[in-house]
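Asks: So TrEMBL says this about it:
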type	residues	note
DOMAIN	192-269	domain 'B5'
BINDING	Asp247, Asp253, Glu256, Glu257	Mg(2+) binding site
DOMAIN	511-606	domain 'FDX-ACB'
Amino acid sequence: MKDDDVCKYYSLGILKNITIKPSPDWMQKRLIASGVRAINNVVDITNYVMLEYGTPFHAFDLNKLDGYLCVRRAVEGEKIVTLDSVERTLTRDSVLIADKEKGVCLAGVFGGENSEIDDNTTAIALEAAYFTPTSNRKSSHSVGYKSDACARFERGIDIEAVKPALMRAMQLMVELAGAEIEGVVETGKNKLEPIEITLRYPQIKRMLGVEIAPDRCINILEKLGFKKLGGNETAAKFLVPSFRAYDVTREIDLIEEIARINGYDKITPTLPQKVQLPEISLEEKITAKVHNLMRGCGLNEIVTSSLIGKPLLDRFMIPFEEDKAVYVKNAASEDYTMLRQTLAASVLNVMKNNFDNGQKNIWNYEIGKTYVKIAQADEKSSGVKETQTLAGVITGDIQNSLWQKGAETDFYTVKGIMEKLFEELEISKRIKLQPLEKTPLANTHAILHPYKTAVITLLGKTPKPIGWFGQIHPILKDKLKLNQEAFIFKLDLDEVISIIKERIPRFKKLPQFPEVRRDLAFVINKDVTFDDIQKVIKGSIQQNIFKGSEVFDVYEGEHIQDGYKSVAFRIKMQDENATLTDEVIEKQMNSVRDKLKKTYADINFRE
């Protein structure tokens with residue numbers, strides 16, 4: 001054996017003066033009953049013994065062999081014509097049985113045409129061997145062919161049964177083919193390393209929930225071929241038989257055998273024991289809530305690689321801080337050279353790939369880590385700051401069916417999703433939305449439309465931005481060859497979690513009196529922000545009854561003067577001590593109109 005890693009044991013039985021003829025009826029009937037076609041006595045004997053012992057055979061015409069036989073890996077590009085008259089090109093994964101001049105068989109896979117048995121054969125070399133499962137599987141895949149013998153070798157045969165199987169086959173050759181035995185040649189080791197497993201009797205009850213007497217366990221295992229090596233009152237050690245070496249390797253495997261033979265019907269149903277599950281952390285609860293809300297809003301979760309490269313960032317016009325980049329050693333390619341500083345490139349890349357493949361309605365989000373290099377605080381510090389981040393992209397129609405076209409996604413779609421998220425997480429009062437052009441971030445976000453983007457600011461002693469959302473920049477849209485608007489959002493979830501951790505729960509009784517809603521529509525200069533309008537509305541109504549206001553309609557276009565927009569607000573009021581009367585409500589609405597008129601002289605109210 002030139003390559004003993006592919007074959008652990010190889011043997012040949014040399015037989016001469018063989019007469020090729022049909023095998024006897026009893027053997028043919030047994031083979032046919034087993035689903036094997038009868039061919040001639042030599043082939044039928046190898047198949048018959050394979051069914052008896054589980055050991056595949058191959059018979060060579062001895063007179064067609066030149067000198068010795070060896071087991072070796074094929075040379076890259078080497079060729080062999082197999083029994084089906086097909087010339088096959090081999091690779092280094094192919095394993096050959098070769099004589100002095102040529103390959104004569106694909107080991108454990110397919111015989112060679114140049115050494116096959118025919119009606120004129122009088123002497124054979126009968127092969128019985130143990131080819132390792134991994135090498136046989138690779139050899140089979142290298143030529144794209146799988147035989148019954150190959151399937152057995154892949155799963156692992158009993159190495160200790162190989163030689164007895166060869167002796168049995170040679171015996172039948174003498175009896176049924178008139179062969180004369182010249183001898184047996186063998187090389188390698190046909191003994192398995194002993195597998196010893198300790199079985200603890202108390203463990204049987206813990207696993208099965210039923211008491212089985214130790215004597216019963218020993219009796220079952222010994223009848224299955226396991227040999228008891230020793231033991232005491234609480235445990236016993238067993239030697240695994242060679243034919244079970246692949247599926248019995250642990251104590252639980254022995255317990256399975258005992259349960260199977262003793263009878264699953266004898267396992268009495270019992271109530272499961274109480275299991276104390278670990279407490280779910282606040283971070284996990286919040287993340288789960290974000291997942292649920294995103295899915296509830298119609299977004300699909302995506303999971304992308306934490307590794308990105310500069311080509312991807314350049315493709316989507318995303319700047320990165322070189323001094324804060326966390327590079328990886330031995331990067332697989334230039335597309336995976338560093339840990340991502342932002343999820344924007346990842347979600348945009350998925351959106352673009354989907355769009356290029358014909359998907360027009362794309363609503364995706366991802367929750368994942370971003371990584372930034374920081375100064376090491378101490379020796380235990382990794383020097384890398386990891387931030388849990390939410391990001392997503394939406395484009396296309398809000399709803400689309402066979403019957404009608406849905407409404408197009410716009411800025412207010414993504415704004416509504418983010419506001420709903422803040423509402424569900426109960427942090428709306430700590431969040432302020434600001435136009436991008438009015439923040440210090442105005443020149444740092446090349447992917448965002450400068451006038452259709454909002455920065456999410458966390459209010460506090462020192463307000464700080466924790467995210468943003470908006471329309472992608474027209475330049476990026478053209479670069480990606482998109483024929484529809486796309487919107488992107490990003491939120492620092494670690495900051496959100498820190499807000500919630502600081503929050504002190506406050507409880508109040510359920511309202512006893514109904515909430516009142518009034519709509520107010522007007523035309524106003526398009527440069528006036530909704531945030532400014534809401535401040536005026538809030539300051540115009542008694543604070544003890546004001547419950548909030550929201551935009552529900554915006555229109556610019558026909559019938560609206562250039563430079564202006566039509567806006568509709570819904571104002572909510574509720575008194576905790578009494579039902580609001582029409583008189584009180586109208587007084588508050590008049591106050592709002594007066595304050596808006598005083599603040600914005602060119603405002604025009606609509607009925």
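Heads up, residue numbers simply count up from 1 along the chain you see.
Cβ atoms are placed via backbone N, Cα and C, with glycine included.
Note that the structure is a prediction, hence the values are computed from the model and not measured.
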Asks: Helix, strand or coil at Asp253 (Mg(2+) binding site), per DSSP?
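Replies: Where Asp253 (Mg(2+) binding site) sits, the three-state DSSP reduction gives helix.
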Asks: From the DSSP assignment alone, can you count helix, strand and coil residues within the domain 'FDX-ACB' (511-606)?
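Replies: Summed by class, the stretch gives 29 helix, 33 strand, 34 coil.
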Asks: What is the number of other Cβ atoms found within 10 Å of the Cβ of Asp247 (Mg(2+) binding site)?
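Replies: The answer is 12 other Cβ atoms.
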Asks: Under DSSP, the domain 'B5' (192-269) has how many residues in helix, strand and coil?
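Replies: Tallied per class, the domain 'B5' (192-269) gives 36 helix, 15 strand, 27 coil.
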Asks: In the structure shown, which of the binding-site residues Glu256, Glu257 has the fewest Cβ neighbours within 10 Å?
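Replies: Minimum Cβ neighbour count within 10 Å, taken over the binding-site residues Glu256, Glu257, occurs at Glu256.
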Asks: Across the whole of the domain 'B5' (192-269), what does the mean pLDDT come to? Round it, please.
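Replies: On average, pLDDT over the domain 'B5' (192-269) sits at 91.
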